Amino acid sequence: MDYVGRFAPSPTGPLHFGSLITALASYCEAKSNQGQWLVRIEDTDIPRIYPDSEQHILRCIDAFEFVPDGDILFQKDRLEIYEDVLVQLKAQHDIYACQCTRKMLGSNAIYAGTCRDLNLDFANQAIRLKVNDEPICFDDPLQSRQCSNLAEDLGDFVLKRRDGIISYQLAVVVDDYLQGVTNVVRGADLLDNTARQIWLGHCLGYPELNYLHLPLAMNADGRKLSKQNFAQALDPDNASELLSQAAQALNQPPLDLDRPSTMLAQAVAQWQRERIPQSTILSQIYQ
Ligand code: GLU
């Protein structure tokens with residue numbers, strides 16, 4: 001089967017070193033499998049968009065000389081597509097409207113299905129996908145076999161929020177399918193979402209994807225590099241040095257300092273997935 005991979009950042013903050021690790025690993029996996037590598041900007045969560053981060057992502061793609069195989073896709077231009085998928089799910093009786101507020105549900109509560117049989121009108125309500133009481137499992141080459149029972153672990157989950165925002169779960173599954181993605185390479189912080197995405201894909205009759213969840217880059221305090229922790233933004237003027245550090249963080253053979261496109265070609269040529277550290281903490285520290 002032809003390999004199609006992707007890098008799908010959300011513009012909720014500037015790209016940081018952890019994002020570069022994901023970009024590099026997803027690129028090398030795709031290219032070493034003679035595959036395509038796509039870029040998608042996941043910008044459905046408009047209230048969480050961080051000023052100028054979209055421009056920073058695009059500047060970094062350019063500066064690191066990553067060349068996507070196809071136009072960069074922006075999810076905010078695709079809202080009608082997601083709405084059409086909701087129509088399909090509604091016709092299949094897989095979704096329902098939910099009037100529970102966050103306050104009613106508490107913070108970490110497993111959703112008890114309170115609104116499942118209320119037949120509420122869909123307008124101005126959250127939309128939830130019904131889940132099954134069965135384990136959903138997948139084999140991740142780095143994280144081993146993962147299983148989750150969505151009914152026990154989570155309950156019916158939200159595909160569209162009451163404020164009209166399409167959830168990450170819905171947009172990511174629909175776009176991976178429509179873009180012909182076969183392989184998802186992303187940080188292990190997203191591991192928790194995968195069972196939900198497999199289940200939604202199953203409800204929609206989409207083929208299953210292969211997943212590889214990368215160990216997370218941590219800062220010197222042992223905290224995950226993240227936008228929320230104000231991880232330092234990638235410096236597009238220091239692309240070659242950062243690429244070399246990212247390859248090192250993935251425990252790949254060293255890259256010769258050169259222009260980024262030459263380094264990327266070398267990274268692909270000497271890519272060895274089995275060398276990626278298995279644990280979810282990378283020893284390489286960048287802050
Ligand atoms: N947009 C997500 C993020 O930036 C990643 C989505 C994915 O790779 O599935 O965290």
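Every residue gets a Cβ built from N, Cα and C, even glycine.
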Among E42, E54, E134, E241, find me the residue TrEMBL lists at the same L-glutamate site as R6, F7, A8, P9, S10, Y168, R186. E42
May I ask you to indicate which of 29-33, 139-143, 224-228, 274-278 is given in TrEMBL as motif ''KMSKS' region'? 224-228
For Y168 (L-glutamate binding site), just give me the three-state DSSP call. helix
Filtering R6, A8, S10, E42, C100, Y111 (binding-site residues) by proximity to ligand 1: which pass a Cβ cutoff of under 6 Å to any of its atoms? A8, S10, E42
The rounded CA-CA distance in Å from C100 (Zn(2+) binding site) to R6 (L-glutamate binding site) is 35
Give the residue counts of the motif ''HIGH' region' (9-19) per reduced DSSP state, in the order helix, strand, coil. 3 helix, 0 strand, 8 coil
Counting across all protein chains shown, how many other Cβ atoms sit within 10 Å of the Cβ of Y111 (Zn(2+) binding site)? 18
